[in-house]
Amino acid sequence: MGLRGGGGRAGGPAPGWTCLLLCAALRSLLASPGSEVNLLDSRTVMGDLGWIAYPKNGWEEIGEVDENYAPIHTYQVCKVMEQNQNNWLLTSWISNEGRPASSFELKFTLRDCNSLPGGLGTCKETFNMYYFESDDEDGRNIRENQYIKIDTIAADESFTELDLGDRVMKLNTEVRDVGPLTKKGFYLAFQDVGACIALVSVRVYYKKCPSVIRNLARFPDTITGADSSQLLEVSGVCVNHSVTDEAPKMHCSAEGEWLVPIGKCLCKAGYEEKNNTCQVCRPGFFKASPHSPSCSKCPPHSYTLDEASTSCLCEEHYFRRESDPPTMACTRPPSAPRSAISNVNETSVFLEWIPPADTGGRKDVSYYIACKKCNSHSGLCEACGSHVRYLPQQTGLKNTSVMMVDLLAHTNYTFEIEAVNGVSDQNPGARQFVSVNVTTNQAAPSPVSSVKKGKITKNSISLSWQEPDRPNGIILEYEIKYFEKDQETSYTIIKSKETAITADGLKPGSAYVFQIRARTAAGYGGFSRRFEFETSPVLAASSDQSQIPIIVVSVTVGVILLAVVIGFLLSGSCCDHGCGWASSLRAVAYPSLIWRCGYSKAKQDPEEEKMHFHNGHIKLPGVRTYIDPHTYEDPNQAVHEFAKEIEASCITIERVIGAGEFGEVCSGRLKLQGKREFPVAIKTLKVGYTEKQRRDFLGEASIMGQFDHPNIIHLEGVVTKSKPVMIVTEYMENGSLDTFLKKNDGQFTVIQLVGMLRGIASGMKYLSDMGYVHRDLAARNILINSNLVCKVSDFGLSRVLEDDPEAAYTTRGGKIPIRWTAPEAIAFRKFTSASDVWSYGIVMWEVMSYGERPYWEMTNQDVIKAVEEGYRLPSPMDCPAALYQLMLDCWQKDRNSRPKFDEIVSMLDKLIRNPSSLKTLVNASSRVSNLLVEHSPVGSGAYRSVGEWLEAIKMGRYTEIFMENGYSSMDSVAQVTLEDLRRLGVTLVGHQKKIMNSLQEMKVQLVNGMVPL
């Protein structure tokens, strides 16, 4: 394409130029991105543009049509042979629609002045662009000096006569932004000062973030801000039939992209999510809670005829307990027990039966025993008295047998065995029971219930008692059995027809145990309970003096107890442990605190005080608190209290994705009754486990089951009733955060990385609020899903500090490097939320360095020493200064000076809302001199030449560049900074990191500098 130059017609097109120009225009008719809204596009205007050129012999419109006969508007000017050119092209009024800013895109061609013979003195290769704001769309009387200059436009490529011959089109595209704009519209003007130019198209547009539905929240069309670095926070509105879970927000960037989604909406009960909408549950389906994933089919024996049902109604004769979940089938009372048999033994009856044929669909079947005493003559029955005892119990029986004792002899009884379950009390129908009629036999007497001591000497004890409550005949005699305490195998029998005896020949000052039973014609009754009495010491002469030993012993015990209490108070333990009167006062002062079965507490700092409960816990109104499962006497109770039992048949294991100490980690799918199948992660317990390993394995589930937060890994349930034992959690597609970052080095924006850190901090705030200390927060223990949502995991193992030179925490799962652990936790085993904050700072460093190993190859001992001396990790490459400062705050030696997790979340939210604060990076030139001392580093002396060093790190391609720029020795190389690398032409980020990391290792021998706090 070209304009005729030289002595011909200065503004006329060269032969064939119009055709080429039209071809270029057609090729440039590309659709604008969805985030751009055109205010003017000269390529799409069908009629006259209405633009004005002056002087009239300046800009010239070339009117052509495309293959669809649509007009193509092109303006050209080529007054290159004449001096002092001032040719203006004015557009018509362009409505700005009240937008704060607009962008202008120009497509044009420009002739190379050197290719125009004779025009070098007057030819120009630029033109000027102006605008004038106006509320008047009819005003054209605008003076030149009223226009505001936007820019001088130069071509990236100009064309020559040779390009015309080769049919090469060099079309330039320039974009300029103008803002802020305050009036309804504006005019554009293009000034030619002597160039040979063709203006192919002019497009005026503004950018917006298009309306979108994300996480069931609708975000409207949002015009971008006038500042190119500004992020606009936009609140979303929940779609129809949804409710807010966490206030939905997103940020609109200057490029028209939605970034950093926060919060979400959930379909309300009776609706499920489909294609970013909440669809009604159709009849026969229900959804009880917004947190349920989808509509579920009504469980067995229930139905719903309406749409949007939140629960299902039970069929006739079927019921649901108030505590039954809505996903559970409706059930009915059980049928009667079957095949009851009895076995009479004097005045005891043993009953046994078979469970009912129909349990009603429930597992909570129990039995109730009704006892009736019947008159053999009248046939009338009455309830048995309270003297009848039931072994093990009368109500709530779980097994299918019971024994009734202490019945009357020669009496007719009717026993009714009724089966009941959780919905029996809702059944208005008749009771379901089976009856058994029995007659008791002649019976032996009941046991003696009360024994009184009489005269006691050093060698004898006198006793008396009352006749049994139920003699069941004439008492023929009593049998008294006694023995020295703890000598039960050597006993003496005395028989007496009276209710009193004296046992002689006993040892002075010794304890003896007595038992008594009665005999009738039916035989001996049972022995009484044990009664313990003690003979007098040798010094005691009479029963009057028999109380002296008791007094002496009591005084002695009292003195000992007093000494213990005084010593305890003086040691300060009483105050720390809440014992004695201090504990009593505390109980009075705080009546809202309820203790069960007592507690013990280790001596520690006030902020670290924790109560360890035995088979119970403390409850505070309105506060959800983490409960340590190790405080349960039965670990299985903790598992079943906090974790849901899942049938193994509901789980499909697909493949192994990892392995641990206890077994394999697999991915699979979970299909629960009435719910859709969804992916899960499954931890299995290996074959041949010990009971201790099983407790440790399920301990993690007991902990995880207490948490419910979008940034904490969610426990679906456990499998404990079949093998293998399994823990089932949600599936995180991208795995551990450290591995994911290494695989995607440099692929994310700073805002995305901050979003990840914000999620981790939010999860840790939740744990901290519950009183849970993680102890092993590291990127390897953070899982990330396909939406880049990070979730805290690994709650399973207790940690013990070993006395080894590596000073590493040891768990049942292996050693945890101390490089994530706060110094007070290393030195004093003080684990608190503040020590978790230290670990969070290390996680921040891992994220911003894309998974680099903290402290590189330093040994644990070197890390401990360096941290104790006040040195800290240097800033990762290209790390915003605000984030690195937050890391340093997390690494304060005084744990009380570290920020709390709620403060960290607030700081990160502010950075996300103001992304311009993330543009200030840590001074790159200071990074190398901020290194930590490494243990046994590879120093500069390990390589004989720069080339050998670069080859060793597989960067040999840069050898010649280093040598040409004066880096000929290893000493000079050791001083290279990141800016030096960029100046040398090392532009690939991965190569920069590899070279800088190697320099960091060498620096220890040349620069003994760190980052002191």
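Quick reminder: no glycine exception, Cβ is built from N, Cα and C everywhere.
Swiss-Prot names Ile657, Gly658, Ala659, Gly660, Glu661, Phe662, Gly663, Glu664, Val665 as ATP ligands; from the candidate set Lys644, Lys683, Lys692, the record adds Lys683 to that same site.
Checking Asn437, Asn734 against Swiss-Prot for the annotation N-linked glycosylation site singles out Asn437. Record note: of Asn275, Asn923, Swiss-Prot gives the feature N-linked glycosylation site to Asn275, with no matching annotation on the rest. Local packing around the Cβ, expressed as the count of other Cβ atoms within 10 angstroms, is greatest for Asn399 among the glycosylation sites Asn275, Asn399. Glu661 (ATP binding site) has Asn399 as its nearest neighbour among the glycosylation sites Asn240, Asn275, Asn345, Asn399, Asn437, going by CA to CA distance. Using CA atoms as reference points, the glycosylation sites Asn275, Asn345, Asn399 were checked against Ala659 (ATP binding site), and the closest is Asn275. Each residue in the domain 'Eph LBD' (36-214) has a pLDDT score, and their mean in this model is 87. Cα-Cα distance from Ile657 (ATP binding site) to Asn437 (N-linked glycosylation site): 63 Å (rounded to the nearest whole number).
Asn240 (N-linked glycosylation site) and Asn275 (N-linked glycosylation site) have their C-alpha atoms 13 Å apart, to the nearest angstrom. Asn399 (N-linked glycosylation site) and Asn437 (N-linked glycosylation site) have their C-alpha atoms 21 Å apart, to the nearest angstrom. When the recorded positions Asn275, Asn345, Asn412, Gly663, Val665 are screened for a C-alpha within 10 angstroms of the C-alpha of Asn437 (N-linked glycosylation site), the residues that qualify, in sequence order, are Asn412.
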